[in-house]
Amino acid sequence: MRTHYCGELRQKDIGETVTLYGWVDRRRDHGGVIFLDLRDRSGIVQVVSDPQRTPDSYELANSLRNEYVVEITGRVTQRPEESLNTRIPTGEVEIYADKIELLNGVRKQLPFQVSTADTETVREDLRLKYRYLDLRRDRMARNIQLRHQVVKAMRRYLEDVEGFIEVETPILTRSTPEGARDYVLPSRVNPGEWFALPQSPQLFKQILMVSGLDRYYQIARCFRDEDLRADRQPEFTQLDMEMSFMSEEEIIELNEKLVSYIFKTVKGVELPLPFPRLTYAEAMERYGCDKPDTRYDLQLVNVSDVMKDSGFKVFRDAVANGGIVKILPIPNGNEQISNVRIKPGGDLFREASEAGAKGLAYIRVREDGEIDTIGAIKDNLSEEQKQEILQRTGAKPGHLLLFGAGDAVTVNKTLDRLRQAIAKEFGLIDPDKINLLWVVDFPMFEWNADEKRLEALHHPFTAPHPDDLHDLKTARAQAYDLVFNGFEVGGGSRRIYQREVQEQVFETIGLSPEEAQNKFGFLLEAFEYGTPPHGGIAYGLDRLVMLFAGEESIRDVIAFPKTQQARCLLTDAPSGVDVKQLKELHVASTYKPKS
C-alpha cells in the first residue's frame, strides 16, 4: 500500500521505509549504479538501485524504461552533498530501492517525451490526441491540481463563511435562444420535440430565489454552439451564484471578499479592498473596451470637439456623421515605430484594418516640440488645434499620436487593439502584476444592425437602474463585470423580479407577448407568487484558472478540451451515429458530404 506521494518526501522522512507508485520519468546508469526519477502527480523523487546495497531490485531497475509503471519500496536517505538538486522540492533525499515491482510497461513508441527533463515543444494536436500522456507532464498536472485548489477555495468560502448551499440544476432543458446558438438534442420519448443543453443556469437559479433558497451556488457546466477563440470552448465551467435580498453594493462587497479569499488561499496574495470601479462609459472613453487591462497606462484621448471644425476632411466628416476622433498617445513611439508600419502593408495598419478601420493617421512630436505628419493633416490643422491636441494628450518630444476617426464602435475597437499590441511590444505589461476592477453601469441594450433591433447587452433578465425606468431604451443596467488583467472573469447583475418590468424588457427587444409567453411563461408565472429582489454573478472558471496558471489558452487548464474546430481529438467526437438510433429519434440528416 502506498505510504507517500513522490513529491512529498523531505529531510524529515529520512530513515523511513516508504512505498511509492508512479511512472519512470527517466533512467540513468552511472558506473553500474541505476538512478531512476520516479514521477506521480505530486512531483519527482530520485530512486537508487545499487548492486551492492540493493541487489534484489538491481536487475529489474536495470531493465526499466521511461513511462514504465512501478511500485517501489525502499528507505529514504540523505543525498550526498555533490548530488543535491535544488531545482526540485525532493532534491535533498533519495530512495534506496529494496523492492521494485513492474506493474506495466510501454508497448509502443511514445508520440512525444513525457519526462520533466524534456523541454521539447510538442504540437497541440498531439497533446490533445494523447491527452493521457500530456496530463502526466508536470505543467499539466500542476494546472489541473491548481484548478482543483481554486474550486475547493470557492466552495469553502461560500459554504463555511457565507452560508451558501450548492444546488444542481438541469442539463436537459428547453431552448430559449437569446445570444449564442443552443446545442439541441431530440427527445425519443416525445417525438418531434427537443431538449437544449443550458448556456447557463440563469432561469433555474432565479426560480430557486422564488423558492426561498436565498443563497445558491453551483459549479455549473454550460454549453454554447459558437465560433471558438483561444479563450472559448463549446462546453465550459462556471461558478454560478445567486442571492436574494441583497443590493448591488452588497453583492459586489461579498464577491470582493470571495475573490480575495481565493487569491490568498491559492496564490498567497493579499488583495487590497475594495477593488477600483469604472463605469462602462469611462472604460470605453479611456480604453476603448469594457474589459481594460490597467496594468499599463496608454489611455485614449477624445478630441472630437477639437476636430469638428478641422480643415482635415476625414476628421471633420467623422464628427459630422455622429462619429468620434480619438488619439492613442505613445511615449517614445517615434523611436520604435516607423512610418512604414503605420502605412498600408505595415503591421500596425493591418491591425487597424482587421478592426474595421480604413486607415491610420498619425502625428509625431519632434525633439523641438513641433509636429510632423502628412501634409493633408499638418496643413489643415490650426495652431490652436495643434496646441490643444498636445495639451490634452500630454505629448512631449518623442511621442507618437495614433488617430482613429469614424463610428465609435470601430474607433474604440481599433485603438484598443493597437493599445494592447503596443503594450506587448514595448514591454509595458508586468506579468506578475494583478489588477482587478469592476465595470459598472452598463447600458441595458445595444443595437443589432443585422437584425435591426435592440438586444440585451448582458441578458434580458437584468434589472434596469431604478432611476431609468421611464425610458428603458436608454436605461442603464444594474450590471457589473469583474475584470482581471484585461479579461472578464465574472459578470452579473441584479435581476428583474416584477412581471410587468420583465414584459416591458421583452417588448423592447422585439419579443411579442405570445413569444414571451411561449419561451418564458414559466418564469413570468413564477413572478406572480411573491418573488424576492435578487441578483447574482457567474465566474468563468476556465478563464480564471488560466490566468492563475499564467497560460495563454483555457485548453491548458481543462483536462479534456475541444479544439478550435470543436472536436475532441482523444475520442474523435463528434461522430456519426447508427441509422437505427436516428430512426428511434425520428430524425433524418439533410447533410450531404462534399465529394
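Quick reminder: no glycine exception, Cβ is built from N, Cα and C everywhere.
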Match it up for me: which of 66-69, 202-205, 406-409 does Swiss-Prot list as region 'Aspartate'?
202-205
According to Swiss-Prot, which candidate in E282, E285, E488, E584 joins R224, D225, E226, Q233, G540, L541, D542, R543 at the ATP site:
E488
Helix, strand or coil for E226 (ATP binding site)? Use DSSP.
coil
Given the recorded positions H30, R224, H458, R495, state which is nearest to R543 (ATP binding site) when distance is taken between Cα atoms.
R224
Rounded to the nearest angstrom, how far is the Cα of H30 (site 'Important for tRNA non-discrimination') from the Cα of R495 (L-aspartate binding site)?
68
Provide, as an integer number of angstrom, the distance between the C-alpha atoms of L541 (ATP binding site) and R224 (L-aspartate binding site).
15
Taking H30, R224, H458, R495 as the recorded positions to compare, which has the smallest set of other Cβ atoms within 10 Å?
H30
E226 (ATP binding site) versus H30 (site 'Important for tRNA non-discrimination') - Cα distance in angstrom:
55
